[in-house]
Amino acid sequence: MDSTRQHSPTDDKNWERVLWRRLPYPDNYVPPRRFLESLRKNANFTPYTYSPMVVATTSVCQHIANIFTFLSVFIRLKERKSDPRYIIWISILLFVIGYASWEALFFFQGSPLRKDSRSRVMRSAILVFLALLALAPVLRTLTEATSSDSIWALSFSLFALHTLLADYTAPLPHDSHERLTSVLSMNAAISASVVLASRLDSDLSVFALILFALQVFALFPLLRRQLHYAPTAVRLGLTLLLSTTSVVLMSEHSHMVGWIVSLILIFINFVSPAVMVWAQREIRGEWDVAVPVVGGS
């Protein structure tokens, strides 16, 4: 059949997009007026809106605020501005508040913790407390032969790795396993805390800093992921509390640093979502990959 034959609009009325029926057209023929009728532009594109993006970035803002809070506690202990016993009692109080919040979240979700789970948590907490108390003298002398400049650079690298690998998503239902990246993130943060603690001059200060680091970098991320199912007001309120705490603590050391921390947190929580909404583009153009429709006409 001659593929160059011209067809009139009247002849095109009998054209169908089928190969199993004999038609008076070439196999590759498509009427010009029907060539683009099935084109779908950006069929898989879902635009982002500003408010949900702000709520989604609260996890990142909380994470960064906790790092600045920890660094402030380290500076206060190193400069002997805070009593280590005060930090220990704050860590214990944070553990109690966090555990009560964890219980409340599971209760409102309809899956309260069993009694054996509670006893296992308490035993683990006591064992960690005693292990840290025993290892504090060893941790204090861990990096005696290392210069402070190397410690600061190593700590910065580990905290950066901790931030990049952290899991900011909501946990899947009935999935109790942590992702590999979140485990690596926690290990990086604890390692950074250990090398910083080795710069302190007393065993009690080392114990207090590591205990506080466990609350901030090991236990709080678990609670933060569960808070994805909490009301938006709770997430925003917690973000405001953690951000304010970090800014106030850092401002006590330097007003300039306090302003820098404020700008960083504001950029993360408010400016970056706006940039994302403004810059969102579909990578593919008008010719998106076709999505097969089963059972369609």
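Glycine too: its Cβ is placed from the backbone N, Cα and C atoms.
The annotation transmembrane segment is assigned in TrEMBL to 50-74 (among others).
Sequence-distant contacts of the transmembrane segment (86-108) (same chain, at least 6 residues past either end, Cβ-Cβ under 8 Å): 73, 77, 121, 125, 204, 207-209, 211-212, 214-215, 219-220, 222-223, 226-227, 229-230. Marked as transmembrane segment by TrEMBL: 86-108 (among others).
Residues or ranges marked as transmembrane segment by TrEMBL: 120-139 (among others). Within the chain carrying the transmembrane segment (120-139), a Cβ under 8 angstroms from the stretch's Cβ atoms is held by residues 95, 99, 194, 197-198, 203-204, 206-207, 210-211, 214, all 6 or more beyond its ends.
Taken from TrEMBL, the feature transmembrane segment applies to 151-168 (among others). For the transmembrane segment (151-168), the list of distant contacts is 59-60, 63-64, 67, 143, 178-179, 181-182, 184-186, 188-189, 191-192, 195-196, 198-199, 217, 221, 225: same-chain residues at least six beyond its ends, Cβ to Cβ under 8 Å.
Summarising the annotation, TrEMBL assigns transmembrane segment to 204-223 (among others).
Taken from TrEMBL, the feature transmembrane segment applies to 232-250 (among others). Sequence-distant contacts of the transmembrane segment (232-250), counting only residues of its own chain at least 6 positions beyond either end whose CB sits under 8 Å from a CB of the stretch, comprise 55, 58, 61-62, 65-66, 68-69, 71-73, 76, 257-258, 261-262, 265, 269.
Residues or ranges marked as transmembrane segment in TrEMBL: 256-279 (among others).
Remote same-chain partners of the transmembrane segment (256-279), defined as residues 6 or more beyond its termini with a Cβ less than 8 Å from a stretch Cβ, comprise 48-50, 53-54, 56-58, 60-61, 64-65, 68, 239, 243, 246-248, 250.
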